[in-house]
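**Student:** Have a look at the structure that comes next, please.
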Amino acid sequence: MSQLKSLMKEGMWGNNPALVQLLGLCPLLAVSSTVTNALGLGIATLLVLVGSNVTVSLVRNWVPKDIRIPVFVMIIAAFVTIIQLLMNAYTFGLYQSLGIFIPLIVTNCAIIGRAEAFASKNNALLSAWDGIMMGLGFAMVLLVLGAMREILGQGTLFDGANLLLGDWATILRIELFKLDSQFLVAILPPGAFLGLGLLIAGKNVIDEQLKAKATPTDAPEKAPRARVTSLT
Amino acid sequence: MKLSMASSPHNHSQKSVRSLMITVICACIPGILTQAYFFGFGVLIQLVIALVTASAVEAAILKLRNKPILPALNDGSAWLTAVLLAISIPPLAPWWITVIGIIFAIAMVKQLYGGLGFNIFNPAMGAYVLLLIAFPVQMTSWMPAEQLLTTAIPLSDQLALIFTQMNGTGLTLDDVRVNADGVTMATPLDAIKTAVSQNYTVSEAMLGMQFSDYAGIGWQWVNVAYLLGGIYLIKTKVINWHIPVSLIATLAICSAIGYIVSPGTQAGSAFHLFSGATMLGAFFIATDPVSACTTDKGRLIFGAAIGLLIYLIRHFGGYPDAVAFAVLLMNMAVPLIEHYTQPRTYGHGAKK
């Protein structure tokens, strides 16, 4: 039970794929211009991540070590194809607005990273849970970034939510304020970089404060080390 | 007899950060006055807005960072950033343009990197590019020189345009610009670019009424004024000659070659040197002591590359002027340039 909890904490916060591992930045930065796009890509990535993690975990004992990466990529590609076809069938508008970034989920390092670092070493249940949590962590950052950019750039939230959720969702659209001149930068790629930088900075500030609260004594500071993935 | 022993260095420079910044600001004054003469008092209003905002933002961020406020405010670097940004944006731009620009310049480009001395990019130009990309309409709405207007815009209208985006009779800036002479008048660089894209020759474009013999009316004198200010800065040794000279020389050579190869589509050197922000960029912006190169050889390369980029972007790029983009691009290259141009330390690494 405690392992499930620690996996949850790792995925959502401590080893968040977007904020800490900085993996999968290409789709993260490219499609977070509105909440709807962000939510669509977040869910797609989440589903692929869970599917690939479970499958990789199930076949992990039969895959020779030398060719594991190609095998993992094939598995991921299969799940991405499934998701792509499903989105094409049921959320065609969103499928069009996400465009090339749906097939590009295959190359999202966060997914292959979890397959390699976690799923190939753990059983299917834990891997599924890890996939859910990592996917949620990724989707959460996408959502926050999408909301920041949509509010600043258009003054709205959930614009075009009907593309993802069906026609009833048009009522979700919230117009926060009307801008005479849009803050275009927020919607353009530079806004994504600025926004993500601010989010990472914000996370680090919170971590520092939590650490300061936890250890009031002055412990000797270790040399800073960039951690890419955690193996446990 | 008491002999006092002084340790090296024996030759003191009396320059502090503050005196350097104040000198640079003073050297801007002729240019600012010329700008005010040709393009209206708007630039002075923008200056006031920018200075106030810059002081407030700098103080607020320093407070957040738990740093002493007064010493950093007093060194004048925030004011210099404010001045450089205020003279770069159109004089009648809405007030929030300046405010957003200054907040970005001070908070993000300067303080987030660690404050004065740590910023990789030139704060004023970073903010200028942000504004240009975010608000292209407002940032390109330059009025033609006042001498070309049928009726000058009174000060009260200029104030109203900046703060409410409408003049006393309810006209927006776009209406005022069109009312001046029936057509919107683009800046000289913009006019040339548009004309060439419509298959006119440069000499045909230069028949437009915003041009005089060499460059745009007003613009060329603004550039001359900044050139004078820049020469004063070199004379007082606030800046070195390397960056401005190599920048201007490269821009002149490139545009001369372009003019010789294709006189119909390219304006000559004189036009490029005295249009847009060339002189301001060469003497005041590219020479920023923090974000520019610090080795002499590096400065020559830095300046030359900016000159080349200005020419390339002006001629082939999508924007009419290019000083801000060129400076930011080369700011990124500064560590690399410095790595390869370190001067030899005395006693080390001599040729065998």
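Here, residue 1 is simply the first one shown, and the rest follow in order.
Every residue, even glycine, has its Cβ placed from backbone N, Cα and C.
Just so you know, TrEMBL annotations never went through curation; they're auto-generated.
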**Student:** Select from B:20-38, B:191-209 the stretch of residues annotated by TrEMBL as transmembrane segment.
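**Tutor:** Within the set B:20-38, B:191-209, TrEMBL attaches transmembrane segment to B:20-38.
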**Student:** Name the residue range among B:69-89, B:153-173 that TrEMBL annotates as transmembrane segment.
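**Tutor:** The listed stretch tagged transmembrane segment in TrEMBL is B:69-89.
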**Student:** List the same-chain residues at least 6 positions away in sequence whose Cβ sits under 8 Å from the Cβ of B:Thr187 (FMN phosphoryl threonine), in sequence order, or say none.
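**Tutor:** Expected: B:Thr140, B:Trp142, B:Gln210, B:Gly216, B:Trp219, B:Gly276, B:Pro320, B:Asp321.
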**Student:** Is the transmembrane segment (B:214-234) close to the transmembrane segment (B:69-89), in the sense of at least 3 CB pairs under 8 angstroms with a sequence gap of 6 or more?
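**Tutor:** Judged by the Cβ rule, the two regions do not touch, with the required three close pairs absent.
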**Student:** How about long-range neighbours of the transmembrane segment (B:120-139): same chain, 6 or more residues beyond its ends, C-beta under 8 Å?
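**Tutor:** Apart from its flanks, the transmembrane segment (B:120-139) reaches 81, 84-85, 88-90, 93-94, 97, 100-102, 104-106, 108-110, 113, 285, 288, 290-291, 319, 323-325, 327-328, 331-332, 334.
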**Student:** Which residues of the same chain, at least 6 past either end of the transmembrane segment (B:267-286), have a Cβ under 8 Å from a Cβ in it?
**Tutor:** 24, 27-28, 31, 84, 87-88, 122, 124-125, 187-189, 192, 202, 206, 214-216, 219-220, 223-224, 226-227, 229-231, 233-234, 239, 243-244, 247-248, 251-253, 255-256, 259, 292, 302-303, 306, 310-311, 314, 320-321, 323-324, 326-327, 330
**Student:** For the transmembrane segment (B:214-234), give me same-chain residues lying six or more residues beyond its boundaries with a C-beta closer than 8 angstroms to one of its C-beta atoms, as numbers and ranges.
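**Tutor:** Residues packing against the transmembrane segment (B:214-234) from afar: 23-24, 27-31, 33-35, 38-39, 144-148, 187-189, 240-241, 244, 270-271, 273-276, 278-280, 282-284, 287.
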